[in-house]
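*Asks:* Before anything else, here's the structure in question.
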Amino acid sequence: MTTASTSQVRQNYHQDSEAAINRQINLELYASYVYLSMSYYFDRDDVALKNFAKYFLHQSHEEREHAEKLMKLQNQRGGRIFLQDIKKPDCDDWESGLNAMECALHLEKNVNQSLLELHKLATDKNDPHLCDFLETHYLNEQVKAIKELGDHVTNLRKMGAPESGLAEYLFDKHTLGDSDNES
């Protein structure tokens, strides 16, 4: 493996921040991979909840875009991208829409915690550019995603999921199906 050359554009970009960005890239790609797994689980003929599938596919694409945005930042700041292996999702069988939404909520909270730690590191290293980048592109979006998933979990539970298959079918049709009109 060749060693990375020194960047001529690097300024006020700490090595710890560079390493943390690379870890965040991996986490965002992992989240994308998990959502992709969820999407194609709900697309199976024996599950057949197409709006759950669409919802999670959209989330997968969004997480991949987050990783790409961080990669672009890494290059702009003069850092070097070092990709790691992406861990396999913990599940292959997501069991139910409720279980998948609960797992997604847990995942988004983990991503958010990692972003908060990255922001703290940027603050500690006196890197206002990285702080601004995270505040502008990530932190508020994470809070919104966590709230949306929390609402979905609450509504699925209120409807009697996962015991009631009808609950998940109706949620798929009327809640996630409606999201097509809002996007």
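The backbone N, Cα and C atoms fix where each Cβ goes, glycine too.
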*Asks:* E63, H66 bind Fe cation 1 according to Swiss-Prot; which of E28, E95 goes with them?
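*Replies:* As annotated by Swiss-Prot, E63, H66 share the Fe cation 1 site with E28, chosen from E28, E95.
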*Asks:* Pick from Q15, Q24, Q84, Q142: which one does Swiss-Prot list with E63, E108 for the same Fe cation 2 site?
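*Replies:* My reading of Swiss-Prot gives Q142 as the candidate in that site.
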*Asks:* Could you find out if DSSP has H66 (Fe cation 1 binding site) as helix, strand or coil?
*Replies:* helix
*Asks:* Which residues, sitting 6 or more apart from H66 (Fe cation 1 binding site) on the same chain, put a CB under 8 Å from its CB?
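*Replies:* The answer is E28, A31, H137, Y138.
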*Asks:* Using the Cβ centroid of E63, E108, Q142 as the reference point for the Fe cation 2 site, which residues of the same chain not in that list have Cβ within 8 Å?
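*Replies:* Residues close to the Fe cation 2 site, other than E63, E108, Q142: A31, Q59, E62, H66, L107, V111, N112, E141, A145, I146.
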*Asks:* What whole-number Å value do you get for the CA-CA distance of E108 (Fe cation 2 binding site) and E63 (Fe cation 1 binding site)?
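*Replies:* That separation, Cα to Cα, works out to 10 Å.
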*Asks:* Neighbours of the Fe cation 1 site E28, E63, H66: Cβ within 8 Å of the Cβ centroid, same chain, sequence order.
*Replies:* L27, L29, A31, S32, E62, R64, E65, A67, L70, V111
*Asks:* Long-range neighbours only, meaning 6 or more apart in sequence with Cβ under 8 Å: which ones does Q142 (Fe cation 2 binding site) have?
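*Replies:* Those within reach of Q142 (Fe cation 2 binding site), by Cβ under 8 Å and sequence separation of 6 or more, are E108, V111, N112, L115.
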